[in-house]
Amino acid sequence: MADGESKAETVEVLSKEAETLKAKLEEERQKLNDVALSTVAERLEVINYLNIKPRRVLKGHQAKVLCSDWSPDKRHIVSSSQDGKMIIWDAFTTNKEHAVTMPTTWVMACAYAPSGNLVACGGLDNKVTVYPLSLEEDVTVKKKTVGTHTSYTSCCTFPNSDQQAPLRPDSTGLDIICRPESGDEAKNAWIKLRDAYRSSLKRMKSSRSGSEATFSKAWKYSEQMSFLQPYMKDRPRHTNERAEINEFMSPCENIDSENSQPQCEEETVCNEVLVKKSKKVKPDPTLDFLREQASIREAERKRREELRRDLVPKDGLKLFFDSMYEATKQLSPDLQKSVKRKLFAIVSEAEDILTGSGDSTCALWDVESGQLLQNFHGHGSDVMALDLAPSETGNTFVSGSCDKMVLIWDMRTGQCVQSFEGHQSDINSVKFHPSGDAVATGSDDATCRLFDLRADKEVAIYTKESIIFGVNSVDFSVSGRLLFAGYNDYTINVWDSLKCVRVTLLYGHENRVSCLQVSPDGTALSTGSWDYTLRSHEPSLSRRELEVCGLELWSHLRGSWRTRPVDLSSSVAHGRLRG
């Protein structure tokens with residue numbers, strides 16, 4: 001009993017110490033919280049009017065729509081429902097192109113692959129299943145179960161290919177040195193770089209025969225390679241040919257361009273000797289020397305070209321596919337189709353997929369092999385939402401959970417690199433700002449919040465006293481100025497993400513809005529609801545209203561103008577807009 005009581009006291013002391021440290025950290029954060037985001041945005045003009053209307057209704061599900069995702073082609077939508085079906089829609093014609101029946105109800109997650117060749121879904125079966133899309137055959141024939149969690153699959157998404165690739169140094173041979181496959185390869189790369197630097201130094205002060213030396217543009221890597229200069233020996237240079245020509249002439253023949261007077265008393269004698277020699281037909285050593293120098297320069301030029309070609313890595317993949325194309329086009333049309341189908345199937349499987357689950361974990365899977373590549377542990381309750389950072393910001397993603405926490409993860413190490421808290425209830429949706437510097441969240445506490453990764457804190461909250469229903473899904477416009485949020489009261493609130501005020505309300509659904517997403521080009525907003533339908537919303541504004549709201553005419557499609565959001569921050573910077 002004594003040991004048990006002592007352990008309990010120790011745990012209690014440590015808990016109090018942790019709370020004290022948290023309070024101190026919060027105090028330090030508040031010291032840096034000098035100004036609110038809405039205060040900074042006061043100089044911007046308020047967006048007073050947005051006329052966004054539902055244009056198309058997609059009907060086909062027999063139960064609540066739980067999730068949807070846009071295709072990279074900006075035309076197709078995949079949706080999943082409580083009825084156990086996953087449907088591929090043509091958002092322009094509202095036609096159903098594929099309908100897949102799952103072995104279980106409550107298909108809670110679905111996603112399009114970046115290639116547009118695959119869709120994935122998961123739900124109460126605890127699995128994530130991938131379907132290759134093809135109009136020539138049934139998509140269920142080649143379905144593949146990629147991974148299995150110990151609880152339901154709540155969300156899934158495909159990482160972009162460039163988010164998985166390591167950063168590449170400039171293609172100058174430095175990448176070979178940084179990641180040598182062998183010692184000889186690294187040594188050869190160093191020799192090539194040294195020779196290239198030496199040649200650049202020669203070109204920096206080069207001249208043609210009979211002209212003064214002039215300076216040319218420096219090699220762009222001269223500064224990085226300048227550490228070699230103290231160790232480089234001075235070698236005789238042949239760039240100025242006049243010194244070499246003088247070896248074949250009398251000292252009296254060295255003519256100064258500024259003074260054409262004789263330089264010595266023997267000049268007359270030398271000239272007479274030259275006249276006598278010129279009468280005889282003999283090989284001229286000067287001409288021979290000039291020809292020799294010309295051949296040396298040509299050889300040097302060829303050597304530099306070969307060195308430049310060696311410094312630029314050859315794209316083996318492009319060479320392979322070019323050769324395959326040349327070989328395939330010689331085949332018969334039937335064989336060409338067979339080759340394309342097989343290649344399509346192989347490329348479609350070359351994907352990874354990221355999933356979140358009710359078992360409090362996230363996981364990264366290899367689609368082709370079904371192997372678990374990385375596991376992410378850190379949440380204390382069900383993971384409800386995931387979103388990938390924009391590709392230029394690196395290999396990170398964000399997750400939201402029922403433990404009220406928002407975590408930022410490194411996909412390469414599986415470690416949590418940043419965490420945010422502030423919500424008072426379950427987090428249902430997370431979305432990266434287009435800049436990659438902030439994350440928006442939606443929660444059952446009826447608020448949306450914006451967390452800044454650089455400030456490491458919450459910078460904005462989007463709420464009104466009249467809003468008492470939870471938020472199920474959030475997404476940004478292409479510029480990031482507008483934040484769309486779907487609520488349990490059947491509405492979609494559009495917030496000004498900078499001023500933290502509501503711009504407008506979108507109506508149309510007859511039950512809670514469970515999912516929403518802006519199309520990849522920003523021309524439309526798709527929403528899914530428990531009323532069994534999906535709806536496509538598009539702006540309908542005059543030209544002046546489009547300019548004020550940061551929109552411009554994009555294309556005329558099916559008799560209605562479609563619009564594309566423009567980056568408002570750049571417009572403000574150039575003085576075109578004040579809001």
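Note that Cβ sites are derived from N, Cα and C of the backbone, with glycine treated the same way.
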Next on the checklist: Looking at 8-42, 113-147, 323-357, 358-392, which stretch does TrEMBL describe as coiled coil?
Outcome noted: 8-42
Checklist entry - Any contact between the repeat 'WD' (58-99) and the repeat 'WD' (506-535), i.e. 3 or more CB pairs below 8 Å with pairs at least 6 residues apart? => result yes
Checklist entry - DSSP says what for the repeat 'WD' (376-419): how many helix, strand, coil residues? => result 3 helix, 24 strand, 17 coil
Checklist entry - Cβ pairs under 8 Å with the repeat 'WD' (471-496): which stretch of 353-375, 376-419, 506-535 has the most? => result 506-535
Checklist entry - For the repeat 'WD' (353-375), what are the same-chain contacts with Cβ under 8 Å, counting residues 6+ beyond its ends? => result 109, 111, 118, 120, 122, 126, 128, 130, 144-147, 149-159, 381-386, 388, 397, 399, 401, 403, 409, 411-412, 414
